[in-house]
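Visitor: Dropping a structure here in structure tokens format, bear with me for questions.
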Amino acid sequence: MNKNSSHIMALTPNTSNKRETVCIFGTGDFGRALGHKMIQSGYPVVYGSRSTQISNLIPKDAEVLSHAEAAQKAAIIIIAIQRQHYNFLMPLAEILHGKVLVDISNNLKLNQYPESNAEYLAQLLPGSKVVKAFNTVSAWALQSGTLDASRQVFVCGDDVEAKQMVMNIVRALGLTPLDKGSLLAAQEIENYPLQLFPMWKFPIFLSLGLTAFFFFYCLALDVIYTYIYEKNNFSFFIAITIPNRVCPVMALILLALVYLPGIFAAIIQLYRGTKYRRFPDWLDKWMLCRKQLGLIALAFASLHAVFTLVTPMRAFVSWRTSKGIISQALNNKTEPLNNTNAWISDCYLALGILGFFLFVLLGITSLPSVSNSVNWREFRFVQSKLGYLALIFCTAHTLVYGGKWFLSPSAYKWYLPNIYMLSLVIPCAVLVVKFVLIFPCIDKPLTQIRQGWERNPKHSE
């Protein structure tokens with residue numbers, strides 16, 4: 001055997017594992033990155049390009065041909081070009097007839113065109129089988145291999161066999177295909193990469209609005225009021241004191257808002273006597289963003305814990321402590337320990353620690369890697385039962401700390417209640433109504449409704 005034959009054998013692939021050739025129209029960033037990933041996965045790749053000169057940017061194992069020659073070599077053709085350049089495909093209609101065309105394009109803004117890019121491509125080439133895929137994966141992720149955050153690939157198309165062929169390629173690349181149905185879903189898929197944290201929009205705007213309100217509310221009562229009526233300049237409260245009042249208030253209110261839509265849903269179902277009617281749109285959207293509200297609440301609770309830990313380091317606290325010691329020394333008098341205050345202080349801290357622990361537990365179980373490892377009953381136990389327990393502890397923590405101000409006239413500056421009083425309104429309302437809902441006379445019919453029983457079946461929608 002000569003050396004040439006051994007060289008040929010070394011370069012000959014294992015035909016039993018050989019994959020079908022894939023054609024890519026377009027040598028831009030995404031086309032090159034996708035071609036490189038496919039070659040790594042064992043796919044022969046041929047590029048269709050206006051220029052057949054091989055560039056250093058093209059994967060070295062790929063072949064570069066004209067569009068017509070490249071299309072003839074593959075049954076699957078990936079269209080890695082923008083919509084405005086689709087017209088060059090029309091002269092190739094006969095060659096592309098019966099072939100699978102994978103549209104991976106995106107637009108610059110939501111609903112930029114009346115129809116999706118994939119539907120437009122199907123109209124231009126009615127004899128081809130158009131599938132929408134890969135538009136939710138970035139070229140950078142393909143090149144760097146950091147696909148953990150974008151591993152899911154939405155796929156849609158009218159031809160089931162063509163769609164399955166594309167989904168097989170997606171799996172071979174180490175990605176997860178998700179069948180979104182017919183080509184009518186293409187517009188939704190094309191809009192997806194343009195949405196900036198769609199489920200976070202309402203929780204973030206709500207949190208920012210409430211934070212601004214409570215910040216200026218505290219600023220008015222703790223800084224401006226004190227400066228006007230007591231001639232004390234406490235403007236430095238803006239750095240630590242006010243944030244450390246706003247953060248726990250926000251954490252408590254947002255945690256209550258996580259469970260408030262469930263209360264509304266139970267009342268609506270009891271009133272209607274059925275679970276087979278849709279909730280109002282506002283309630284549906286609210287329930288869908290409960291996880292985001294809870295995670296933002298956990299962020300505020302964590303900030304509160306950090307601010308509290310640094311409190312003894314503050315100059316104002318050191319000054320106030322020194323002032324008390326000097327006052328006792330000058331008066332030759334030592335203040336005895338107040339056991340009642342000591343109990344209140346320890347209970348307040350203990351409730352806060354327990355509440356924060358359960359808060360963190362809720363946040364951990366919200367992570368996909370954790371929630372996917374528990375069954376539905378376990379997840380519901382943590383999120384519902386332990387969630388309400390966390391709300392009870394956090395509400396009690398605030399009550400023990402701020403409850404004394406309810407009956408103190410000095411707490412009502414400008415006739416406005418203290419911020420801690422405002423923070424207790426929603427949590428206490430949620431807990432009271434929830435307590436009523438667990439009464440057997442109410443819980444039993446609610447459970448039956450959720451299991452499918454209807455009070456008036458003929459009137460259900």
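Each residue, glycine too, has its Cβ placed from N, Cα and C.
Note: TrEMBL annotation is automatic and uncurated.
The domain 'Pyrroline-5-carboxylate reductase catalytic N-terminal' feature in TrEMBL is assigned to 21-107. The transmembrane segment feature in TrEMBL is assigned to 204-229, 249-271, 292-310, 342-365, 386-407, 419-442. Under the heading domain 'Ferric oxidoreductase', TrEMBL lists 249-394.
What's the neighbourhood like for each of these?
Guide: Per DSSP, the secondary structure of the domain 'Ferric oxidoreductase' (249-394) breaks down as 122 helix, 0 strand, 24 coil.
Long-range neighbours of the transmembrane segment (292-310) within the same chain, counting only residues 6 or more positions beyond its ends whose Cβ lies under 8 Å from a Cβ of the stretch, are 199-200, 203-204, 206-207, 240, 243-244, 247-248, 250-252, 254-255, 257-258, 355-356, 359-360, 362-363, 366, 394.
Listed by sequence, the residues of this chain that lie at least six past the ends of the transmembrane segment (342-365) yet keep a Cβ under 8 A from its Cβ atoms are 251, 255, 294-295, 297-298, 301, 305, 371, 374, 379, 382-383, 386-387, 389-390, 393-394, 396-397, 400-401.
Long-range contacts of the transmembrane segment (386-407) within the same chain: residues 248, 251-252, 255-256, 258-259, 301, 344, 347-348, 351-352, 354-355, 358-359, 361-362, 417-418, 420-421, 423-424, 427-428, 430-431, 434, each at least 6 residues beyond the stretch ends and with a Cβ under 8 Å from a Cβ of the stretch.
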Visitor: Mind checking which residues reach the transmembrane segment (249-271)? Cβ under 8 Å, same chain, six or more beyond either end.
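Guide: Hits for the transmembrane segment (249-271): 203, 206-207, 210-211, 214, 279, 283, 286-287, 290, 293-294, 296-298, 300-301, 304, 359, 387-388, 390-391, 394-395, 398, 419-420, 422-424, 426-427, 429-430, 433-434, 437, 442, 445-446, 449-450.
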Visitor: Counting by DSSP secondary structure, give me helix, strand and coil numbers for the domain 'Pyrroline-5-carboxylate reductase catalytic N-terminal' (21-107).
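Guide: So the counts come to 32 helix, 19 strand, 36 coil.
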